[in-house]
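A.B. asks: Marked as compositional bias 'Gly residues' by Swiss-Prot: 674-689. Annotation source Swiss-Prot lists compositional bias 'Low complexity' at 749-760. If you look up Swiss-Prot, you'll see 761-785 marked as compositional bias 'Basic and acidic residues'. Per Swiss-Prot, region 'Disordered' is recorded for 664-715, 746-791. Look at Swiss-Prot and you will find 1-22 tagged as signal peptide, backed by sequence analysis. Residues or ranges marked as transmembrane segment in Swiss-Prot (evidence: sequence analysis): 391-411, 425-445, 454-474, 496-516, 551-571, 586-606, 616-636.
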Amino acid sequence: MKINSFLIILILLFISIKNSNGEPEKKFKLITLLAAHVQDLGFNNMVNRGHVEVSKAMKLEDSQAIVVVGYNDTIRILAPLVAVGDVDLVICSSQDHAQACRELATKYKGSSIKTQFLVRGSGEATSNLITYSYNYANANYISGYFAGLYTKTNKIGFLSPGAIDNNNDSFVYAFWYGAKRANPDISFYYYNIGNYLNPDKTVAATKDLLDMGCDMVADTLNDFSTGNTLIANNRKTAMGTSGFPQRDVYGEDVIYSYNYNWFKLFYPVAQSVYSGNTNNTNWYADFNLNETISFFGLSFSFTVPNETLTKFYEELDYLKRTPRLSHPYFCNDLMYEYAKKNHLTMSTNDSTHCLANSQFTRINAPFPGMTWLGNYEITLTEVYQSRPIQIAISSISSFFIVTVLVMMGLVVRFRKNPSIRSASPIFLNFILFGALIIYVGIIIWSSSINSASCNAQFWLVTLGFTTLIGSLVVKNVRIWLIFDNPELKLVKITNLQLVPWVGVCLVINIILMSILTSVGDLREVNAQGIDSLGKYEFMRICKMNSSGASTLYTILAYFAALLLIGVFVSWKIRIVDILEFNESKAIANTLYAISFCLFVIVPLMISPQDKQSEKIILCIAGLFIVTAAVLIIFVPKFYRVYIFGSGGTSDMFYKKKKQSPVATARAESTSKGSSGGGAGSGGATGGSGVKTNKRGNLVSGDFSDDTESSLSEPNKPVKVVAGAVLAEFTDDTISDLDNIDQPIEIITENGQDSNNNNNNEENKDNNIENNKISEEIKENLKNEENNDGDN
């Protein structure tokens, strides 16, 4: 007994030593290529499940499932892995991988690389190439048969990728023929999606089919988007036709589903490769009477009537017992005429009305009774800008348009009033007309977009700003040239001389805008992916190319140059003490308003902005800039007209106020240098009818809209007190001295003749003469203020 036990122990020990010292267990590396991620709950999920089950059954430590899409991706990823030489089997599950895998198999055939490729499709097998296929037509036929039995509305819908992967719509036909065979009264509608995996189109197309009254909708796609849409719409007729056991996930919401069992195909192939077999064959998967090797699994809801199940299984048993090439979708009364019409080849025995096996996947055109709805395209939804904001901007702009028109009328009505005449009515109306154009442009900018409005808004706004700013600048250049004239040279500047300069500004603008329009390709486009739009939403926007953008920047630089000129002119005329002409403060305030807007707008525009927000900011900024400019320039003028009446006098510009230190110092200097009141007492004190400026100098003049000239009487000498500004503004010219031919006698502020200094008697005479001149100025002012001008 002890001997027997000892012998058994020795035998077991010997076996253990033999196994431990023997050849190590053969390693096996498996790679499976997927066309999409496993989350699709469809074809790729089931392929991955087959890969995992094979790895578990064979206890593989080195197996990978890799997602690759298309030929290039397959070559790029797979070729380096195969070149290492340690990959035993590559499963190319999709037809997307087929060409690349076949090329690699051909490349390494007969080489030291022992990798074998299991490729989906047909063709001759080689020592390192195994092909496989499965009866997809059979699965679709029997699914259609169930749909025909179960439908209540007799309307069935279907979705397919369409004419891709050389499949065309042959499987749609198989589904339809199964439904037609079960229920001849059905109506059948189908869309092509264009891809095996496009959930957005699938959902939208399914909804369309439901709206048409279809209660059964199936597909040949890789996911369950169709079924999910039916479930979301409270339909209890979802069908799982993607090869995934959908009922395992959705339960009774799915009425019927079939699933692939890839393990039953992959495992025997992997075992064959593992054993070293190179005598490869083609593999084919289908329903089988032997359930242990049947590729398809079926599942039904408990709500399916027994009568329906009975008819279904009767048809399925018929398919299992009938050779595949004699199945109803190959052989029927419709096939002969269809093949003849579409140039397909029938089988050798035409009397059977069976299509040749190689011709089945060429079926694409619909059979009589199939309604093809075309290639489905999702209808994009247009997103409009906020209607209330659009109405608000348009209403405000319209109000200011009316206001500007009223102002233009008032300028014409009160053109003789010194408050208006001194600012040149023609240029005031130019400024208002520019504002009017901008307001119209803002209305177009805020309205619906088309190619015409895209161009119109840029033209109107740029021309408006050029007219407004150009007129303001040119008008004040005249004041600068007149008063920046220390030598009292003759200066003649008429409106006819100034208006062309505004025209020059406009011509430059027109040239730049013409370039933008011609080369900028400024047009309306339907933009997607902006302003947090949905995937299938769009917004109309104006778009230009890079050349147009460069031109637009040039236009902006041009506007900046005009503004800088305006700043310069404003600074230069600040010294003009005649308030009728000194608009430097108004111009400065206008420029401050524009600058304020720029400081606010530029950071906002640089930061990421929605197109709608950008449009609103630009429109509001335009309204603010133009309105501020108009109010700053015109409100003081109309206010003076209102206070002093429609006639008005030049006195409206002068207010009693404390003299500036400079003016006080000059007045004191004048008093000390004169003997008794002279020019100092008569001029600096601003006696009755005589006005003084900030410097204490005499000011006299009549102001019209377009000319400036000195006071003089024909054929008489003109005596001018040094430091006094003498100007009469008529309709013809603007000059410091009209009668240049007459002798000019200059009298200094000290009352001394420039040709005879230090003569006290002459000083007294000059002071008396200075007072006489002041009286003449006073009388002339009264006469001119009562004299209506034409402009």
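Here the Cβ of each residue, glycine as well, is placed from N, Cα and C on the backbone.
Mind running through what each feature is packed against?
C.D. replies: Here the transmembrane segment (391-411) has long-range neighbours at 420, 425, 428-429, 432-433, 435-436, 439-440, 442-443, 446-447, 616, 619-620, 623, 626-627, 630, 634, 638, 641, meaning same-chain residues at least 6 beyond its ends whose C-beta is under 8 angstroms from one of its own.
A Cβ distance under 8 Å defines the sequence-distant neighbours of the transmembrane segment (454-474), meaning residues of its chain 6+ beyond its ends; these are 427, 430-431, 433-442, 444-445, 498, 501-502, 505-506, 508-510, 512-513, 516-517, 522-524, 542, 552, 555, 559, 562-563, 565-566, 569, 587, 590, 622, 626, 629, 633.
Sequence-remote contacts of a segment are chain residues at least 6 beyond its ends whose Cβ falls under 8 Å from one of its Cβ atoms, and for the transmembrane segment (551-571) they are 458, 462, 465-466, 469-470, 472-473, 476-477, 480, 505, 508-509, 512-513, 515-516, 519-520, 544, 583-584, 587-588, 591, 594.
Within its own chain, the transmembrane segment (616-636) is flanked in space by residues 389, 393, 396-397, 400, 404, 407, 428, 431-432, 435, 438-439, 441-442, 445-446, 461, 464, 468, 472, 583, 586, 589-590, 593-594, 597, 600-601, 604-605, 609, which lie at least six positions past its ends and keep a Cβ under 8 Å from the stretch.
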